[in-house]
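Report on the structure given below.
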Amino acid sequence: MFEFFMETAPATTTGLPLSAILAIFFSFIIGIVFGGMALFVFRGFIMNRQLRIAQRKATKMLADSKLEAKDVLVEAKREADKTRNSAETELKERRSELAKQENRVIQKTEALDRKLENLEQREQSLTNREKSIDETQSQIEEIRENELKRLEEVANMTTEQAKTSLLEMLEGEMQQETSRRLREWEIKIKAEADEKAREVVSQAIQRCASDVVTETTTNVVPLPSDEMKGRLIGREGRNIRALEQATGVDLIIDDTPEAVTISSFDPVRREVARQALSKLIIDGRIHPARIEEVVTKAKEEVEAAMIASGEQAAYQAGVHGLRPEIIKVMGRLKYRTSYGQNVLQHSIEVAQMSGMIGSELGVNVTLARRAGFLHDIGKAVDRDVEGTHTQIGADMVKQWEKSPEVIKGVAEHHFDTPTVSIWGFIVSAADAISSARPGARRESLENYIKRLKALEEIADSFKGVEKSFAIQAGREVRIMVKPDEIDDLGAMRLARDIVKRIEDGLEYPGQIKVTVIRETRSVDFAK
């Protein structure tokens, strides 16, 4: 068709044939058409691509949203489980506490019922006993009157004659008592003759003083709060068992608020446990592995403290040149007591006393101090080694000391072996001075109570005694007697009999005053 137009089209004024113009025109039109089609196709392609990208983004966002929703759901479920478990645990604890309280209330109620029943039984028993006593007393009065009449008939003596005979007998007893007291004064006067010899000892006492500590078998460690008790006990008691096994002591965790008691007869173990427990409380990490670590460190610190204490004690006692083994063993005495007196302080005091006595007697002061300082070294290991502390101490000193004077002073100061050297007498005298001075030592509470009880039992064992009281720390006994059974002369005789029984049956320091009190009241009314 283009050829037709090109052949038939006339020429234009521009010189181009019409067919050429038409061809150009149609080419332009066709280009526009194809360009439009290409543009439409390209635009469709772009739109399809954007649509696919948008679909992928939407799919990814949907997947992310599902994952996030799943995480939120899992977290919410975990929180719900945690809250439910916490609530169940708290509920169980409250139920357990309520059950415990209910058991305590039941136990207290049962105890009160038992006490009430016992009180009723005691009341009934006392009533019956009172009736029996009244009947017995009436019978005794009747028997007494009958026996008095019978005695007068048998003895062919009146009451006045019997009193005269009794006074003569008492006069003889008083003469014997006077003779005994005269002998006591004679002994006392002879003892005063030795006062000059004791002057050396008194001068030594005036120049020496030391502190005294109380003997104990327990230590109390304070706690920041009662919650710490549960942490110390641990799950199923594993922490407290680990601590007791590592230290060798007993831990007492009771109702005492904010406190734990350490009990042991070994003072070194007790000190190790105290330091370890204090560190665990401060640190807060309490479990068996940590307990073992802290106890090991505490043992090292206590050993170091014992060495330091031994060195300090040797310096205070004026004893120099001791071997490190002796210093360490002497340091153990810091935690050892005897009748309330610290043995290390006692050793320092004996060393100073021995040096002073030695200087007065003109012997080697250095050796006297050394023997006095080491005289009780056996007490540091007497829990672990068989034998007396003097034998143990002498054997230990023989290993480390070359001086025979020091060995004799240690071995002979308690007269376990025959005392043949002056060193044994010096150390023995210094030891007695340090131990016997007022306030240095005191008997244990158990022995003290036993002695008071024994005094009261002796007094109560006599007929006619109503009540007896041991007072003034056992230095006096006051006896209340029944006035209708014991008269004034009988009270005097009772006092002497009790004194004799105490002298024969008890050992006691100093003197014991026996006071018999007889009180008679006569009441009448004027009408």
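Each residue, glycine too, has its Cβ placed from N, Cα and C.
Note that the coordinates shown come from a computational prediction; the quantities given were computed from them, not determined experimentally.
Quick look at what Swiss-Prot lists:
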TRANSMEM  21-41  transmembrane segment
REGION    78-97  region 'Disordered'
DOMAIN    217-302  domain 'KH'
DOMAIN    343-436  domain 'HD'
Which residue counts does DSSP give the domain 'HD' (343-436) for helix, strand and coil?
69 helix, 0 strand, 25 coil
Tally the residues of the region 'Disordered' (78-97) by DSSP class, grouping H, G and I as helix, E and B as strand, and everything else as coil.
20 helix, 0 strand, 0 coil
Secondary structure tally of the domain 'KH' (217-302) (DSSP, helix then strand then coil):
52 helix, 13 strand, 21 coil
Reported mean pLDDT - the domain 'KH' (217-302):
85
